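The active site, proton donor feature in TrEMBL is assigned to Lys206. Annotation source TrEMBL lists NADP(+) binding site at Leu11, Gly12, Cys13, Gly14, Val15, Val16, Gly17, Ser18. Summarising the annotation, TrEMBL assigns NADPH binding site to Lys106. Taken from TrEMBL, the feature L-homoserine binding site applies to Glu191. Taken from TrEMBL, the feature domain 'ACT' applies to 352-425.
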Amino acid sequence: MRTRPLKVALLGCGVVGSEVARIMTTHADDLAARIGAPLELAGVAVRRPSKVREGIDPALITTDATALVKRGDIDVVVEVIGGIEPARTLITTAFEHGASVVSANKALLAKDGTTLYDAAARHGRDLYFEAAVAGAIPLIRPLRESLAGDTVNRVLGIVNGTTNFILDRMDTAGSGYSEALDEATALGYAEADPTADVEGFDAAAKAAILAGIAFHTRVRLDDVHREGITEVTSADLASAQRMGCTVKLLAICERAADGKSVTARVHPAMIPLSHPLASVREAYNAVFVEAEAAGQLMFYGPGAGGAPTASAVLGDLVAVCRNKLNGATGPGESAYTRLPVSSMGEVVTRYHINLDVADKPGVLAQVATVFAEHGVSIDTVRQKGKDGEASLVVVTHRAADAALSGTVEALRKLDTVRGVASIMRVEGE
Ligand code: NDP
Ligand code: HSE
């Protein structure tokens, strides 16, 4: 074993960074044996230097992250600050000054992964980011390496722990939305600004990363259709329960049947209770990958939280250090297919629509006509009348999303439709 240590700079020492530092210290001997050289924590950049950080030598703390990555003797920079800047500049500066990078920053990778990949390739460094998608679950490496010889056609799953925690609490414990969000934040699952979680930005960033790697193309955050969970009500959850379903925030990345384009989307959807994703509770994540030769693979585990995420970061750190000692680098960006990303309107899916309508002769026929005019076939209809009003629940067969949203728009214009109480896509059947 080499006695000269590999020097690690830790940028950020919050929920994830503090766990990375703890595991590096408590498992130092095992990590050294697995890498073939000891690791040395050479500096820790934070925003608030006076904060007490258990187990960390105060002499290592700095607020000057730029000076730390420019030192020239750092082997690996671990970026767990989050956000776009200064993270992006710090990472590219680290590459320029001789370091490889491990990051958990999905927001940055989805927004400007190309800049990071290019800088890493230009300087002959590694860029690893297993922790950026689905916390502890090994998913990036299986897609980038284990499935590099196969053709992935679909990636579908729950990739945000906070929203899954909230929906699970609302569904099974009757918790209120705000109460469940506060709990997820206290447990360290939520982003610094939880809007990123509840509005679907975090899951959309992960979908962009997964789609890019799975389909060997470039997919950016703006290419991903995004809807969060802020509009999901307890009435939606109750309605889902009546249909033998539950509601999950899903990320779905698909290659078109002709193989000439891809789509990526994040939105809440009803899934049957019999589907494996329905039993994914709390902040757990689960992702299905469908590949031509491999068939269907399922990845499941803790999707957020300090220690689970640190596990993924440490795995990358070991891999990058091994590469460094071997004078090699791991895989870079693979975007050779250059497949275009189609819009949400072209996605084929099913809708569950809950309408408040007048309870009088001909209304059902009027509603059915609107569906027929838009080429959308109805699967089931359930009606419950009360005092001249009725609640009409329509579940469609599969149709293009543009046709489904056109149908809803036309339904809203009918005099006999008092309101559209809820619209939700149905997946997983
Ligand atoms: P936190 O907000 O808990 O920690 C952020 C850390 O970065 C803090 O230590 C903060 O310093 C430091 N920091 C912020 N700005 C600067 C700056 N300009 N210069 C130096 N240090 C700075 O975030 P998390 O640990 O939760 O998340 C970190 C990253 O990991 C994010 O990219 C996130 O998306 C990702 N991630 C998080 C997961 C989770 O479950 N929490 C799971 C998977 C990925 P100070 O301590 O002084 O405030
Ligand atoms: N905020 C993210 C989540 C952290 O809740 O899934 C893990 O990426």
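Keep in mind that glycine also has a Cβ here, set from the backbone N, Cα and C atoms.
What TrEMBL says about a protein is an automatic prediction, not a curated fact.
Feature annotations (TrEMBL) mapped to structure.
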residue : record                    : CB count, 10 Å
Leu11   : NADP(+) binding site      : 27
Gly12   : NADP(+) binding site      : 25
Cys13   : NADP(+) binding site      : 23
Gly14   : NADP(+) binding site      : 17
Val15   : NADP(+) binding site      : 20
Val16   : NADP(+) binding site      : 27
Gly17   : NADP(+) binding site      : 27
Lys106  : NADPH binding site        : 29
Glu191  : L-homoserine binding site : 20
Lys206  : active site, proton donor : 31
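Across the fold, the C-alpha of Gly14 (NADP(+) binding site) and the C-alpha of the residue listed as 'NADPH binding site' stand 16 Å from each other. Between the C-alpha atoms of Ser18 (NADP(+) binding site) and Glu191 (L-homoserine binding site), the distance comes to 16 Å.
Proximity of the binding-site residues Leu11, Cys13, Gly14, Gly17, Ser18, Glu191 to ligand 2, judged by a Cβ distance under 6 angstroms to any of its atoms, singles out Glu191 in sequence order. Each residue in Leu10, Glu19, Val20, Ala21, Val46, Val80, Ile81 lies on the same chain as Leu11, Gly12, Cys13, Gly14, Val15, Val16, Gly17, Ser18 and has a C-beta within 8 Å of the C-beta centroid of that NADP(+) site, without being one of the site residues. Each residue in the domain 'ACT' (352-425) has a pLDDT score, and their mean in this model is 94. If you measure from the Cα atom of Cys13 (NADP(+) binding site) to that of the residue listed as 'NADPH binding site', you get 17 Å. Among the recorded positions Gly12, Cys13, Gly14, Ser18, Lys206, residues whose Cβ is positioned under 6 Å from ligand 1 are identified as Gly12, Cys13, Gly14.
A coil conformation is recorded for Cys13 (NADP(+) binding site) in the three-state DSSP classification, outside any helix or strand. If you draw a 10 Å sphere around the CB of Ser18 (NADP(+) binding site), it holds 22 other CB atoms from the protein chains shown.
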